[in-house]
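The transmembrane segment annotation in TrEMBL covers 12-33, 53-77, 98-125, 242-261, 281-299, 319-342, 363-388, 394-415, 459-481, 487-505.
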Amino acid sequence: ATSFLFTEYQYVGVFMVAFAILIFLFLGSVEGFSTKPQACTYNPEQLCKPRLATAVFSTVAFLLGAITSVLSGFLGMKIATYANARTTLEARKGVGKAFIVAFRSGAVMGFLLAANGLLVLYIAINLFKLYYGDDWEGLFEAITGYGLGGSSMALFGRVGGGIYTKAADVGADLVGKVERNIPEDDPRNPAVIADNVGDNVGDIAGMGSDLFGSYAESSCAALVVASISSFGINHEFTSMCYPLLVSSMGILVCLITTLFATDFFEIKAVKEIEPALKKQLIISTVIMTVGVAIVSWVALPSSFTIFNFGTQKVVKNWQLFLCVCVGLWAGLIIGFVTEYYTSNTYSPVQDVADSCRTGAATNVIFGLALGYKSVIIPIFAIAVSIYVSFSFAAMYGIAVAALGMLSTIATGLAIDAYGPISDNAGGIAEMAGMSHRIRERTDALDAAGNTTAAIGKGFAIGSAALVSLALFGAFVSRAGISSVDVLSPKVFIGLIVGAMLPYWFSAMTMKSVGSAALKMVEEVRRQFNTIPGLMEGTAKPDYATCVKISTDASIKEMIPPGALVMLTPLIVGIFFGTETLSGVLAGALVSGVQIAISASNTGGAWDNAKKYIEAGASEHARSLGPKGSDPHKAAVIGDTIGDPLKDTSGPSLNILIKLMAVESLVFAPFFATHGGLLFKI
């Protein structure tokens, strides 16, 4: 896993430097690289620091965000690779002990990430302040580079890791389980090492960078809007830092919450695992509500004004508290709806499992229908939180609602990273030839982990929708657009093209997984056919070739989707101008959220339907047959189709939405002065 990440980071590092130079050139050229102080954008009477300074500091912030993002992904992966073997060893003592190890290691990663993101951002703000002094508008405009850096690294981590893990997973499953009838994670399967490495690289490093990106961006969006509101104009530093205070309160709340899972209550039986993880979400949300109330009461003045597209809107501190809470509780609702649709204790997944009786086709039909249906409630939750928070505090309200959803990120990541860790623990138990009992325990941990991973993805997608809307608002204010008119042809063509982008992006990622899996299947078949004694277990397979196939495929294939996302805002902004770009952002947001939710829930449901049949815990599950029966084979096919949906294209889409919005915000000054070349001719 380490060697893959280093290879990936070499490629990403080159991109990082190139893009940093691009940011500097574009933003520096707004006023022709002059070092004279400028009139401020929002308050023309005052003088602000020169544009060149903003260019330099945006570039620095971009690099800071990128490095922090890479670091948080890498450290998370390190923790996970240490933790999985320990979980397997603890499973000898019982389920409860194994659960505590897996959960604690997930929590280490969650806290590390939340704290890292907050620390670097706070230090950056204070260092930039030494230069900017009273020019807070320029200061926080430069800080937006931090969010861009965080997310652009997350994109490559998520897409690269996702292609890596799924190429191996699909290849291992198709040949091993369907053709050769050997169990999952069997050491005779050549792709088994690549599959287990992939869990760490995609689910842990990718997820870590992804949530870090959301976190950095929602903070940046809130800070940008605040800097041109009364907080920024009157230089009230405490209330300016309100978004950071909410996040730091979140870290404290999550510390208390994790004790409930590990210390206050002991887990003794398998059926207590999933409720314990769900309680984590509820407890953290309830305590956080109190925490936000305290922060809002202490840090905010009782009445203040918020910038709202050219006017200042008067807001009370209790209204801002409600904005954060709306986001917080919407996150919980999205989490639970996701859980209902992907956990095998409820009817939706059991229906999908039941449809395997008549083969793979009905399984696929039911699974797709389930995914589309699971979009309904989360979208309503997002819609309500957008309406409430916007009517209370304009764009700032939406930014803090996104922060509210992400404030319990440490707990969210703990239950999310727990999934891949217990998955790997099962793989290690199988490969080490440990007793059947231990594999059953790790499987029980893993089935709960599948659902929590789906909950984590739900959070990531919901917060991405709110974050990108907040960034969109900041971009519209910064680019000086008074209103976005859907009836104007410039905007409408943007909308329709923007809505197409998630499909184009998904097509690229899905096809990459497909073609990499094809190579993998051929390689695994070749080894089974040519290495004598492999099936009997007397000869060892060549694991390294399979790892190499995954590595090469993911490095090569992560470039085109990445380029699509990074170049679209630049091309649209330069040639078509800010109005068309605002259309593109809105279109991508609207269609991206739907595909992302449905893809990740469809995949999760197929995976758990297969687990439901394999576990045989109920009368109904046993009637669908043991491993190797026809319904089980149909379920495995569904699971294999769902793999790229739930682990590559679904989770990467939320980065597409956020990244385009934050990139447009960073380049907004350039687009506003030099953009729209085609319409100027």
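Note: Cβ is positioned from N, Cα and C throughout, glycine not excepted.
Automated prediction, rather than curation, is the source of TrEMBL annotations.
Just so it is clear, the model here is predicted, and its values are computed rather than measured.
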Please report, as numbers and ranges, the same-chain residues at least 6 past the borders of the transmembrane segment (242-261) whose CB is under 8 Å from any CB of it.
100, 103-104, 107, 110-111, 114-115, 117-118, 121-122, 215, 218-219, 222-223, 226, 231, 267, 276-277, 279-280, 283-284, 287-288, 291-292, 294-296, 299-300, 320, 324, 399-400, 403-404, 406-411, 414
Looking only at residues six or more beyond either end of the transmembrane segment (53-77), which have a C-beta under 8 A from one in the stretch?
1-2, 5, 9, 12, 16, 19-21, 23-24, 26-28, 30, 109, 112-113, 116-117, 120, 124, 128, 131-132, 138-139, 141-154, 157, 200-201, 204-209, 212-213, 216, 417, 666, 669
Tell me, please, if the transmembrane segment (363-388) and the transmembrane segment (459-481) are in contact, taking contact as 3+ Cβ pairs under 8 Å between residues separated by 6 or more positions?
yes
Contact call for the transmembrane segment (459-481) against the transmembrane segment (319-342), three or more Cβ pairs under 8 Å:
yes
Folded-back contacts onto the transmembrane segment (394-415), same chain, C-beta under 8 angstroms, at least six residues removed:
103, 106-107, 109-111, 113-114, 207-208, 211, 214-215, 218-219, 221-222, 225-226, 229, 242-243, 246-247, 249-251, 253-255, 257-258, 277, 280-281, 284-285, 288, 292, 306-309, 313, 315, 319-320, 323-328, 330-331, 385-386, 388, 452, 455-456, 459, 462-463, 466-467, 469-470, 473-474, 477
